[in-house]
Amino acid sequence: MLTVKHSKKLAIISFIVIFIFSLCMPFLSAKAASDDSLQQIKDKKQLVVGLSADYPPYEFHQTVKGKDEIVGFDISIAQKIADDMGVKLSIKEMGFDSLLGALKTGKIDLIISGMSPTPERLKEVDFSDPYMAVEQEIVIRKTDKDKLKSTNDFSGTKVGAQKQTTQEELAQKELTGSTVTSLQKVPDLILNLKNNKIDAVVLEGPVAEAYASQDDTLTISDAKFINGGKETSVAMEKGATTLKDQVNHSIKEIKDKKLLKDYQKEANELMFQKSNFFSQYGSYFLKGTLYTIVLAAIGVFCGAIFGALLALMKLAKTRWLRWPATWYIEFVRGTPLLVQIFIVFFGTQVFGLNLSAFISGCIALSLNSAAYVAEIIRAGITAVNKGQTEAARSLGMTQNQAMRFIILPQAIKNILPALGNEFVTVIKESSIVSVIGVGELMFMTGVVQGTSFKPFVPLIITSLIYFVLTFSLSRLLGIAERRFKTSD
Ligand code: ARG
């Protein structure tokens with residue numbers, strides 16, 4: 001009896017002890033981690049900085065000596081911090097709204113992306129001392145300059161801001177009566193502004209100036225925010241005190257030696273580095289076009305082989321071959337290519353296959369095209385008059401011989417033009433593969449849009465390239481078709 005009572009007491013006490021201990025655990029481990037956060041970076045000899053490179057002059061893409069690079073004064077600051085630590089700098093680009101998550105899951109060591117400390121963010125991460133103080137501005141179309149002069153004038157307008165930024169909040173709070181549209185990338189906001197889809201974009205002062213000076217249809221409104229003054233800092237994981245001290249040390253030196261001025265000057269020069277559009281971005285379009293052609297060619301080639309197989313299955317006598325083919329074709333034709341691409345890309349990941357975006361894109365396009373090719377071939381074969389088979393059979397040919405010598409040669413005349421059309425379709429549809437990051441034409445267009453501050457021109461160039469590709473292909477196919485006709 002006594003022992004039971006005793007052991008009960010013991011159990012309760014040990015439960016309480018464990019409970020209290022586990023409550024303290026996060027603090028203990030955070031403390032322990034805080035002490036080696038700097039050491040960890042030094043040990044792996046690399047500082048990983050996350051940012052969203054759509055924010056000139058903070059961070060943006062630029063062609064430097066013919067190569068695409070991420071530059072800007074945030075990069076100079078990151079480089080200085082890495083140099084002071086004696087480690088290599090590695091930049092990870094992502095959407096601004098993904099940065100906090102990446103920091104918290106340890107994918108990056110620091111965020112240096114023009115990020116301002118806010119009470120909400122301070123709950124999740126720590127911030128260094130600020131390296132810059134800035135005013136928030138509103139970019140508008142020049143034609144609206146006289147109409148939108150104070151924050152009250154924005155009632156009834158559509159205002160854009162980058163997702164999950166302080167600008168988004170500011171627009172909601174101070175531009176009363178306006179509807180706020182949030183997008184992930186700044187260049188898309190500018191494009192929407194230029195196309196009258198929205199009437200204003202709230203941006204950090206230097207960024208607003210950058211875009212306004214790059215585009216003479218845009219300007220900065222005279223409207224001033226009440227709480228428009230913000231600071232930008234470096235973000236790091238909570239409790240990483242040694243890392244924070246080190247970053248603050250570098251920032252202090254940047255301030256003491258007035259290095260930021262030089263960094264800004266450098267960034268501005270890179271931003272305004274003007275050269276001929278084509279000599280600067282031609283290589284992007286060329287590379288993208290090559291990728292598109294290869295992607296489409298592989299898609300059509302593999303699709304044709306698999307499609308022919310499916311067509312034969314569908315024409316087979318046993319339903320065990322017919323059914324799977326029919327269902328496959330129906331499924332693929334009844335679901336969007338976009339979904340199929342994601343299924344292949346992420347699905348293979350689930351099964352432990354780490355396929356590159358390019359391979360995934362090829363597979364998805366082939367699988368998709370096969371379903372359409374199968375129908376083309378099947379229709380081509382069944383369109384040949386039934387009497388033809390009967391005539392061949394009555395001449396003493398076997399079923400196979402009739403297929404090979406009588407039906408197929410005639411069917412091919414039906415199939416080839418349609419197959420050519422399929423090729424044209426695949427060229428166009430391959431643009432969707434850009435969503436998983438394959439560097440084809442559409443993807444490259446996005447890069448050029450962001451780098452050149454020109455949201456529209458790259459789209460026109462790209463549409464022309466697609467048109468030249470598809471038009472010359474259909475011309476070639478037309479010639480081939482006529483050859484076939486004369487051989488009748
Ligand atoms: N300063 C703003 C914020 O902290 C916006 C920063 C956006 N940065 C960028 N690289 N797009 O929310």
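The backbone N, Cα and C atoms fix where each Cβ goes, glycine too.
Annotated by TrEMBL as transmembrane segment, the relevant range among 337-355, 356-374, 432-450 is 432-450. Counting only same-chain residues 6+ beyond the ends of the transmembrane segment (290-313), those with a CB under 8 A from a CB of the stretch are 321-322, 324-325, 328-329, 358, 361-362, 365-378, 381, 419, 422-423, 426-427, 430-431, 433, 438-442, 444, 466, 469. Beyond its flanks by at least six residues, the transmembrane segment (432-450) meets 53-54, 60-61, 68, 185, 187, 191, 281, 284-285, 287-289, 291-292, 295, 337-338, 341-342, 345, 357-358, 360-361, 364-365, 458-459, 461-462, 465-466 of its own chain at Cβ-Cβ distances under 8 Å.
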